[in-house]
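Annotated in Swiss-Prot:
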DISULFID  CYS45-CYS69  disulfide bond
DISULFID  CYS59-CYS82  disulfide bond
DISULFID  CYS90-CYS116  disulfide bond
DISULFID  CYS104-CYS131  disulfide bond
DOMAIN    40-84  domain 'Fibronectin type-II 1'
DOMAIN    85-132  domain 'Fibronectin type-II 2'
CARBOHYD  ASN53  N-linked glycosylation site
SIGNAL    1-17  signal peptide
Amino acid sequence: MGSLMLLFVETTRNSSACIFPVILNELSSTVETITHFPEVTDGECVFPFHYKNGTYYDCIKSKARHKWCSLNKTYEGYWKFCSAEDFANCVFPFWYRRLIYWECTDDGEAFGKKWCSLTKNFNKDRIWKYCE
């Protein structure tokens, strides 16, 4: 028996709900629904936020040309493109290995570039970014 793929996009004035792809192949089907509202330009990024199966501590570039963030702790369709002020800040002090750091460090970085943790406990969370 062959496969049938459907693409359904419904757009309203305030949002668009995309359902894609719907593949009907014998007895199985897959449906993914994502709701995106128009960008909220004056909103504030919420970190960390949950999107699909991940938790994000900084702006992401998932299915977009530019980095964006969620305006809710769990993504509910409200978002905005990130500006320089929106990116996650370093958390000080943070714990790395057996030391507490009060500023960016190059410890453990192969190329000597300074970095910081985005949570208080790098050993547990392993979330970081390079320092500017």
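Glycine too: its Cβ is placed from the backbone N, Cα and C atoms.
Structural mapping of features recorded in Swiss-Prot.
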residue	record	CB count, 10 Å
CYS45	disulfide bond	20
ASN53	N-linked glycosylation site	5
CYS59	disulfide bond	21
CYS69	disulfide bond	23
CYS82	disulfide bond	18
CYS90	disulfide bond	17
CYS104	disulfide bond	17
CYS116	disulfide bond	21
CYS131	disulfide bond	13
Inset, instruction - Sort the residues of the domain 'Fibronectin type-II 1' (40-84) into helix, strand and coil with DSSP and give the three counts. - result: 0 helix, 14 strand, 31 coil
Legend entry - Secondary-structure category, per DSSP, in which CYS116 (disulfide bond) falls: strand
Legend entry - Entries of CYS45, ASN53, CYS59, CYS69 which, being recorded positions, have CA atoms within 10 angstroms of CYS131 (disulfide bond): none
Inset, instruction - Using C-alpha positions only, work out which of the recorded positions ASN53, CYS59, CYS69, CYS82, CYS104 is nearest to CYS90 (disulfide bond). - result: CYS104
Inset, instruction - Sort the disulfide-bonded residues CYS45, CYS104, CYS116 by C-alpha distance from CYS59 (disulfide bond) and give me just the closest. - result: CYS45
Inset, instruction - Using C-alpha atoms only, work out the spacing between CYS104 (disulfide bond) and CYS116 (disulfide bond) and round it to an integer in Å. - result: 5
